[in-house]
Amino acid sequence: MNLRELVSALNDFASLSLAESWDNVGLLVEPSPPHTVNTLFLTNDLTEEVMEEAVQKKADLILSYHPPIFTPLKRVTWKTWKERLVVRALEHRIGIYSPHTAYDAIPHGVNDWLTKGLGACTSVPLHPSTAPSYPAKGTHRVEFCADNTEHLDTVLSKIKDIQEISCLATLPARVEGEEQTRVSLNCSQKALLEVVALLSQNSLLYHKTEILLLQKPLLPHTGMGRLCTLSEPVSLSDLIERIKSHLKLPHVRLAVGMGKTLESPVKKAALCAGSGSSVLKGMEADLYLTGEMSHHDVLDAVANGISVILCEHSNTERGFLSELRDMLAIHLQNKIHIIVSEKDRDPLQVA
C-alpha cells in the first residue's frame, strides 16, 4: 500500500482532530516518495532497541503510540537518541506515524480497552470531545435587522473591517409587516466586543440584535478518560486482582482512600491511560485508575476518600496494541502485514 494511502486510512481510523492541542500526532518521518508499505510495525514507545527490531523485521512504517518527536529538533545528528531514531528511520526508509491522544479519545481506543480491566461496566468520557468542524468558525453568532439601506451599508462596511468575522450574510426579511434586511455573522469572542460596540452606536440596531453562543455538538462515546459504573460493586482488593490480570502485571501501586479499606466496595471508577492527573482531578468516584499521578494529586484524592491505583505510565497503554493490530487488519482489509514489537516494554521495573 502506498504510504500516503495508508496514512489517510489511519487518519480515518482515528481522526487526528481528536488529539489534544498540545500533542504532536500524525506522520512524523516520511521517506522520499514513492514509498510502499508492506509491513506496519506497532509499538508503544519507539526506543533505539525497538528501532533495531523494526529494521530487522523490515518494517516500512512504524506506528508509535507515543510520538518520538515531541519537542522540536534543532538538528538531526548522531548525538542524541531521538535524533538517531530519525537518522536510522531515513537510512532504512522507514516512516514514523504517531496517533497518541487521538487513540485515547476514540470509542474503540486505549481508554475503552483499559475499562475492560474493571469487569462488566458502562462508561462515559470524563471530558467529551466535540465535533471539530461545526460550526466552521467563531464562538458566537450575531443577528440583527435594519431597514435603512444606506445606513446598513455603512455598518456592514465597518463590520467587514473587524478581524475574526466569518459567515457574514444578508437576506430579505419581513418584520412587523415591513421589508427589512436581516444580517447574520459568526465571530470570535474578541470580535464580538467590537461588533457590539459598533451596533450600540445605533440604539435601534442594538435593541434588535440577538447574540447566540455557538457550541459544537458532543461526539458520542468520544473523549478523554472514562467514568465507569460497575454492574455490581466489587471490593477494592478484588478489583486490584482484575486489573493486574488484565494488564498482565505482578504488582500495582495503591493508595487507599481515607476511611476506606481493601474490602470497601467500588461502584464507580474514573480512569485515564498514561498520566491521568489533569484528566481525573476533581472527578467523583470510588477509585482513580491510571499509570501515574503527581504525589500531591494522590494526596488530594486520598483525602477525599478516593483510592488510587497506579500501574506505571505505559503499562496502561501497551496491552492495547494487540487489539489495535486486529482492528487495523480489518480496517486495512488485510492489505499489509501488521506486527507488534516484542522489545517494547515499560522502562521501570522493581529492583
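Positions of Cβ are set from backbone N, Cα and C atoms, glycine also.
Copied over from TrEMBL:
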BINDING   H66, D104, H313, E317  divalent metal cation binding site
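Each of N44, Y65, H100, V110, A273, G274, S275, G291, S314, T316 belongs to the same chain as H66, D104, H313, E317, is absent from that list, and has a C-beta within 8 angstroms of the C-beta centroid marking the divalent metal cation site.
Long-range neighbours of H66 (divalent metal cation binding site) (same chain, six or more residues apart, CB within less than 8 Å of its CB): N44, D45, L46, S98, H100, S314. Sequence-distant neighbours of E317 (divalent metal cation binding site): residues of the same chain at least 6 apart with a C-beta under 8 Å from its C-beta are N44, Y65, V110, A273, G274, G291.
Taking every protein chain shown into account, D104, H313 are the binding-site residues, and of these the Cβ with the most other Cβ atoms within 10 Å belongs to D104.
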